[in-house]
Structure formats: structure tokens, C-alpha cells
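Colleague: Pasting the feature list from Swiss-Prot:
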| type | residues | note |
| --- | --- | --- |
| DOMAIN | 106-301 | domain 'ATP-grasp' |
| BINDING | 132-187 | ATP binding site |
| BINDING | Asp255, Glu268 | Mg(2+) 1 binding site |
| BINDING | Glu268, Asn270 | Mg(2+) 2 binding site |
Amino acid sequence: MAGSHDFGKVAVLLGGRSAEREISLESGKAVLDALRSSGVDAHPFDPSEQHMDALLQQGYTRAHIALHGRYGEDGTVQGALELLGIPYTGSGVLASALAMDKWRTKLLWQSAGINTPRHILLDEQSDFDAVAKELGLPLIVKPSREGSTIGLSKVREAGEVAAAWHLAARHDAMVLAEQFIEGTELTASILGDVALPLVRIQVEGDLYDYQAKYLSDKTQYFCPSGVSEEQECLIRKQALQAHRLLGCEGWGRVDLILDKSGTPYFLEANTSPGMTTHSLVPMAAKAAGISFEELVLKILGLAHVG
């Protein structure tokens, strides 16, 4: 891995214009502090406050993307960095766009035999009663291209599907109805070509939503996950396959649910996960013997163009 002085002047991209701006500011600050404590010449850069071409004008030679959601992990900022010729962390343009789109992610996974919940793409002309009958109740309704479970609803009655669609449609024109899988929430963090130890998530209610992720102090995280060694090995292998199938690289996270029979259902891939000291990827890295500072340097060392 390159030494801290080999990275040149590093821009930590944070903030942005998505609904996840505040979370991104937290991630960016944690990354910035870790890089600086390791001797890297790192500085904050908020694309919502400066034009991207300012990166060249200010002499940046590498970018660590700590943006979340729209414009930050959907291929937009990655495309800008490609045009500028500045190496950046995480996945490229196409993989970022695909991973942000849960519907197309599922289509690719299904084509490769990766298990994912049954789903239907909704619009205002959909027969919502038929959707409830086909997927069963309860079911999940969510924007296809939004993060942090923003706009997500758990629907328990057929009469609630329309309202859930309206809520999700406020965030994205593409809305997904998905079979609800009852079971254990797990996440597999990816670093380079390795899947790190699984993290098990236990929420107070029955849904790992925005409240449970960022506001509740009752959500618990377990690493080791408590899953059998054999099953953990299999899930980590499948998660790495799911990540690669989308063309993802560098680092990321794949979320899944293990149903009561022990079958994993893969939900989505995240190409720019949270990076505060208490986020899931740092938690998995710590279990693998990698400190937060080491993790941030490893991610930066995987930066690329093209």
C-alpha cells in the first residue's frame, strides 16, 4: 500500500445535494480526520458548494468519495472525476449507477442465480390489490434509486399499497414493491477482493429503516454475527459474487436477510457506505483486525480512473 505522502493532495468529497447530505457530512469528517491523523494531505470538498473543476484548479490528485445517495453514488460524481482524470475511491460510473438502481440490481442478480426477494415495479397505473396478492403481505414498497431506506414503507394490508407508492414516488419515479422476508438482517462488507466478517443487525421493531439506522439507540450490531462458520463462509462468497456481478470494485457493502430456513436473500449493494467510526464497514474491518485509519488508507489506495 502506498505511503501517506504518496497520495498527493486528497479531496474528501462530502455533503452534496442528496437526501443523505447530513450523513455524508458525518462520514466525510470521520474519513478526513483519519486521513489527516495518518499524515495524508487531505481537505474537505463539498460539490454542492464548489464546481467539480475546482478540484483541478486547487491541485487535487486523488478523491475519496464520502458522498451518499443521489449524485454521489449513482455514477454522477464518478463520471465527473473520470472527465477530470482524478483517481477516486469505490466503483466506476456504470457499477455505481447499477447498484443505486435496486430494480436493475435485482434483474442482474436473478439472471446469475443470486437469490433476491420477488418484486414488481410500480407506477400509478398498477393494480395495487393484485400486487399485494402476488407478493403476499406484508410487503415492502420503496424508491428504486434512493438510499438509507428513505421513502420505504412496510405494507400490512392491500389497501395501504397505494399510499406507500405515493410516499416512495415523492423520492423517485421508479418505485419497487418487494416481498417481505422475515429473518435475520446481515451485511457483508467488501474490501478489495475480500468479503469481511458479517455484521448482524438487531432492531427493536421489525424493520431496519432510517429511524433504526440513524436515530434509535436501541438498534444492536453483532460481529461476529453468530451465523455458523460454514454458512458465514458461503454468504461472504455469495456477497462477493453479487458485488462483482454489478461491476463494483474497491470497496462496498451488500445487504441481505437470512430467512428462518437459513436461506439468504440479497437485497441491495452499496458502493459508498457510511464511514463514521460506528458504521457497519468499519465494524467489520475491526473484526478482521483492521483499524479505522488503516481501512481509510486501504480504500484510498484502491482509488482508480477508468
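A Cβ is built for glycine as well, from the same backbone N, Cα and C atoms used for every other residue.
On a predicted model such as this, the values are computed, not experimentally measured, just so you know.
Could you tell me the structural context for the features on the list?
Modeller: Cβ contacts within 10 Å of Ile181 (ATP binding site), excluding its own Cβ and spanning all protein chains shown: 21.
Note: Glu268 (Mg(2+) 1 binding site) has non-local neighbours Ala99, Lys102, Thr105, Val254, Asp255, i.e. same-chain residues 6+ apart with C-beta under 8 A of its own C-beta.
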Colleague: Quick one: what's DSSP say for Ala132 (ATP binding site), helix, strand or coil?
Modeller: helix
Colleague: Quick check: in three-state DSSP terms, what is Glu268 (Mg(2+) 1 binding site)?
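Modeller: Glu268 (Mg(2+) 1 binding site) sits in a strand per DSSP.
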Colleague: For the C-alpha pair, I'd like the distance in angstrom between Ala132 (ATP binding site) and Asn270 (Mg(2+) 2 binding site), rounded off.
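Modeller: Pair distance, Cα basis, whole Å: 28 Å.
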Colleague: What residue among the binding-site residues Ser153, Asn270 has the most other CB atoms lying within 10 A of its CB?
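Modeller: Of Ser153, Asn270, the one with the most crowded Cβ is Asn270.
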Colleague: Near Leu167 (ATP binding site), which residues of its own chain have a C-beta under 8 A away, given they sit six or more steps off in sequence?
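Modeller: Set apart from Leu167 (ATP binding site) by at least 6 residues yet with Cβ under 8 Å, we have Val141, Gly151, Ser153.
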